[in-house]
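The transmembrane segment annotation in TrEMBL covers B:6-24, B:67-88, B:108-130, B:156-174, B:209-227. As annotated by TrEMBL, domain '4Fe-4S ferredoxin-type' applies to B:297-328, B:360-392.
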Amino acid sequence: MIVPTMAEMMAQGKQPEVLFWVGAAGSYDDRAKKISRAFVKILHAANVNFAVLGTEESSTGDAAKRAGNEFLFQMQAIMNIEVLNAYEVKKIVTCDPHSFNTLKNEYPELGGKYEVFHHTQFIQNLIAERRLKIDENTLQGKRVTFHDPCYLGRANEVYESPRDLIRRLGVNLTEMKRSKRTALCCGAGGAQMFKDAEAGDKEVNVLRTEDALETKPEIIATGCPYCNTMMTDGIKFKEKETEVKVKDIAELIAEANNL
Amino acid sequence: MQYLPNILFAIALIAGIGFFVINIRKLTRNIKLGKDINRTDNKSERWKNMIRIALGQSKMVRRPFSGFLHVIVYVGFIIINIEVLEIIVDGLLGTHRVFKGFLGDAFYGFLIGTFEILAALVFVAVILFWTRRNVANIKRFLSREMKGWPKNDGNFILYFEMVLMTLFLIMNAADPAFQQAGIGNPISKFIVPLFDGFSTETVHTIERTAWWIHILGILVFLNYLYYSKHLHILLAFPNTFFANLKPKGQFNNLASVTNEVKLMMDPDADPYATPAQGEEDVVPEKFGASEVTDLNWVQLLNAYTCTECGRCTSACPANLTGKKLSPRKIMMDTRDRLEEVGRNIDANGGAFKDDGKQLLNDYIKPEELWACTSCNACVEECPVNIDPLSIIIDMRRYLVMEESAAPQELNAMMTNIENNGAPWQYNQQDRLNWAKEK
């Protein structure tokens, strides 16, 4: 798989159309890496001239900020902004709503002003520009439910882009009782991903998986690597992994188009 | 002697309003104990929010049943103020139904008739509200933080409204001239038969008594507001006006931290340099919040505005899964502590005297704060745009940056970010390995 870096691009005197911000999960987490690869396949299929930072990318600092470590967040932000600005990055796309939110909303004040897209928005644009078509036959008729990531949905009011793409797959999209602005968190946000939950009577991801299972889905579609992990764990907990798959929208599109 | 009722009325009115003004000044003083924050940008959007959300109740009706009942009580409250205005004029001038004269029978009858119907609807709505609170076993009314005063406060308000509506209808029913005119008595006419066989004097006494208790009740209710969750009927307006307009996911970048970070990353900065002239004695700003005075005034206004309806808590994923966090409790604790600080200041001649307590630990426990997923469900749900999440994050900031008191796993995560540029312990040189795998 060809994934050019900004450094390579610069050495050739080229400027890519968009920077793909992979994020820590997309780089290191085995499950999320598949999402990164699926998205790259889509970018190639649509002939998008993109690049990644590769080893020059560092944590956006989202988890540190939400854990309360504003120092660490701003150090990360300022370092990342220096790198991004040095490469004169204008447009960024990411599969991680947490990176999306932080880059889009919290970096500008610190000197990092970019046009930032969630991958579902970016793919939507590719379709609008007729650079990409989604094959609606491969997954046709499958029952799919979509879990809204908090940092894409409520935090930035992006509810339609992922749904629009799912509908284009020709599948049967069913909504959970809690969806869009009333969606339930997967349990990973606010740095919860990295610690045990406080004492309670249930895990948040199990409750959310129950919401999803009520719709009797064949596929739970996600738009966030952390949601993906939490829902996958939930499905395992409910011992439903043979019947229900958890897939990122990028993976579904790559699958539908046989990429 | 004939002016005695007018004088008594004037005294009651001045006392009632005067006491209210004193409390409102205390309230604004307390809110101003918070840190400054600029919320006067985008005025047109702010006005629109206020009109849509506070006046238009747009977020209330997202839950249709309680939303609809609330709209009835709310409309009843607003419109009935015209009636209260007449009572005040009558009381001061010694007139009787003064508006009837210059509004004309037809219009006056229409107005009073509308009030009577609203009063009856409010009465019904209030009974349904009472049933929801006390009989229906609705989870958000049974939470830990709703024991004692918060529960009683909710009920007192409902009893108050029932009594006031009843008095209004009795007052109309016991007014023979008004009943004979047959204008605007669609509800009270059914009460009239209760007075059959009563002497004219008795009926008149009933009317006067109902009239007096009604207006005195309103003055008492006005002053009850300050001590009650019912303060929202006033503060919902400024609260929605000054609410955050930025995307919910955008947390503020602490300016004090930016300065430190810039200094740290500036290769030309001399860490051993003596502070500039005049800066030696400046106490460095505290990072985050451990006390109400570390919060900004909008967060404190939020606390006073909270109606304890619990819509936030009923949408909170941590709360739904049995964790200690309740966003409503965060707001109630903030208000309780702020009130305590205010009383402390009043008792100590205008200056706060250390009482060995603070918002963190004495009211809000770290366990509550660490259970938050920052998902914004509480912020989205609040019918009056309160932001409990901002308080949670400010308090986490204090725990982490001032006390290094984060849970162990989070410390490990933060160390990883510092050393490896990722929350996990992977080598930054391996960041592109995913592209080479299959």
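Every residue gets a Cβ built from N, Cα and C, even glycine.
Contact count against the transmembrane segment (B:6-24) (Cβ pairs under 8 Å) is highest for B:209-227, out of B:67-88, B:156-174, B:209-227.
Note on the transmembrane segment (B:209-227): residues 9, 12-13, 15-17, 19-20, 23-24, 26-27, 84, 87-88, 91, 156-157, 160, 163-164, 167-168, 170-171, 174, 233-234 of its chain, located 6 or more positions outside it, place their CB under 8 angstroms from a CB of the stretch. In the domain '4Fe-4S ferredoxin-type' (B:297-328), the DSSP tally of helix, strand and coil residues is 20 helix, 0 strand, 12 coil. Here the transmembrane segment (B:67-88) has long-range neighbours at 13, 57, 60-61, 97-99, 111-112, 114-115, 118-119, 121-122, 125-126, 128-129, 161, 165, 168, 211, 214-215, 218, 233, meaning same-chain residues at least 6 beyond its ends whose C-beta is under 8 angstroms from one of its own. In the predicted structure, the domain '4Fe-4S ferredoxin-type' (B:297-328) carries a mean pLDDT of 97.
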